Amino acid sequence: MTASSVHSPVRQNRTGLGMRRIRHIHFVGIGGAGMCGIAEVLANQGYIVSGSDLRESAVTRHLRDCDIRVYIGHVDEHAHGADVLVVSTAVDLENPEIRWAREHRIPVVRRAEMLAELMRFRHGIAVAGTHGKTTTTSLTSTLLAEGGLDPTFVIGGKLTSAGTNARLGEGDYLVAEADESDASFLHLQPMVSIVTNIDADHMATYAGDFARLKDTFLEFLHNLPFYGLAVLCLDDDNVRGLLPRVQRQFVTYGFAEDADYRLRDFVQRGGEVQFTAERPPGMAPLEIRLGMPGRHNALNALAAIAVASDAGVDDAAIQQGLLHFAGVGRRFQVHGHYPAPGGEGDVMLVDDYGHHPREVEMVIDAVRAGWPERRLVMLYQPHRYSRTRDLYEDFVRVLSGVDTLLLLDVYSAGESSIPGAEGRTLAGSIRQRGQVDPIFVESKQELPALLSRVLRPDDILITQGAGDIGGISLRLAAGQLDLNGMEL
């Protein structure tokens, strides 16, 4: 998959006769990770696509490059002429564009409904799970492409090799993330479903009931046709617990000895892992090298191997696809190095999107395994007050595992502040635990001076979180930010 394939030419419409009345599709919240990819694929299928978002971003600029009209701000005129509106769950239903559509009998659908329509006439592969969806979707898409199957993909992060998070392929396969955050993945009816893990997150959707969350994942699996296939991670206790209730054909994967696709002889050296992928009888084991750190990424790769093997991808193509996999934006993305303040040597700059305690813990474990002799400095921005409240003690425990912690206030993502779930309170609880003395960052303007004070030669600096801190390590690597506090 190469950067030259980013802007796919307009192709034959494959959404079938059902959408023959639809010419103009308008996205409300088009800059969102789950929205922009669907918009790009539809534009490449020949639809007129427009959209609106609250603010300008690299995503909105990219969409304009794809001949999609993007408006900044929300007013009803933006939706005029549309035959259907696609909305994300982050958008208020009192949005003026949505109100206009309802007043004029224009259908308003959720993003998952439109994704389901794209999937309807293809061999759909849906990747679900609390953690690892984006990486697993990217790996699966890469292996199918390496095998010559030319898949369409819709991913929640930028696939580095393609330079985009979506692409319209010529083949029959469509690979996409299945979002459990609002239970909208139940709209999807794929041929293959992956479940990487099930963890407590987005619990408001499930009325705080973890059993209900697990039941919803089971319902998602039962959306498979009777001839479909589920690919399930046996290392996750919650996924394993579902197996007796799954009424579709499935294969399992994991480090577990009873997994159908078993990962053994795992070794990590720096940012690369090597392992043997044992497969079901009749398929030879594969020796794998992957340029991503961590046991969790090896598991993500094993899920992709299971799907690619089922699709008949050649063994050599699987090995080459993983060997040359260039990663995903903001998933342990190494931006480069920065000269260490006041000394020889430099600081390794890493950016990661993880914002759940388990995700942060996996990043920390990957650093400890790959660079055990180096100090880990984490700049963490909590994401959502509700998540911070619900997983508070887990955050305290996990964030206590770094060497130096700089803690920003919570990125609200539109939520109101919740007493006791603020960044300053979290910093106090971590300090009280006694393993690390966190520095609470009042304002991002303080960061250059603070980083200059705490960083040492050979440190690893990780900017961690799903909010708006992702550009800091990139700006440092590009020489656009001076740790003496001056913009270059």
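Backbone N, Cα and C atoms are what each Cβ position is placed from, and that goes for glycine too.
So that you can see what the record holds, here are the features copied from Swiss-Prot:
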type	residues	note
BINDING	GLY129, THR130, HIS131, GLY132, LYS133, THR134, THR135	ATP binding site
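Sequence-distant neighbours of THR130 (ATP binding site): residues of the same chain at least 6 apart with a C-beta under 8 Å from its C-beta are GLU180, THR196, ASN197, ILE198, ASP199, ALA200, ASP201, HIS356, ARG358. Highlighted in sequence order, VAL127, THR136, THR196, ASN197, ASN300 have their Cβ within 8 Å of the centre of the Cβ atoms of GLY129, THR130, HIS131, GLY132, LYS133, THR134, THR135, the residues recorded for ATP, and are not part of that set. In three-state terms derived from DSSP, THR135 (ATP binding site) belongs to a helical segment. With the fewest other C-beta atoms within 10 Å around its C-beta, THR134 stands out among the binding-site residues THR134, THR135.
In three-state terms derived from DSSP, GLY129 (ATP binding site) belongs to neither a helical nor a strand segment and is classed as coil.
Around GLY132 (ATP binding site), the C-beta neighbours below 8 angstroms that are at least 6 residues distant in the chain are THR196, ASN197, HIS296, LEU299, ASN300. Between the binding-site residues HIS131, LYS133, LYS133 has the most other Cβ atoms inside 10 Å of its own Cβ, all protein chains included. For GLY129 (ATP binding site), the Cβ neighbour count at a 10 Å cut-off comes to 23, with all displayed protein chains included.
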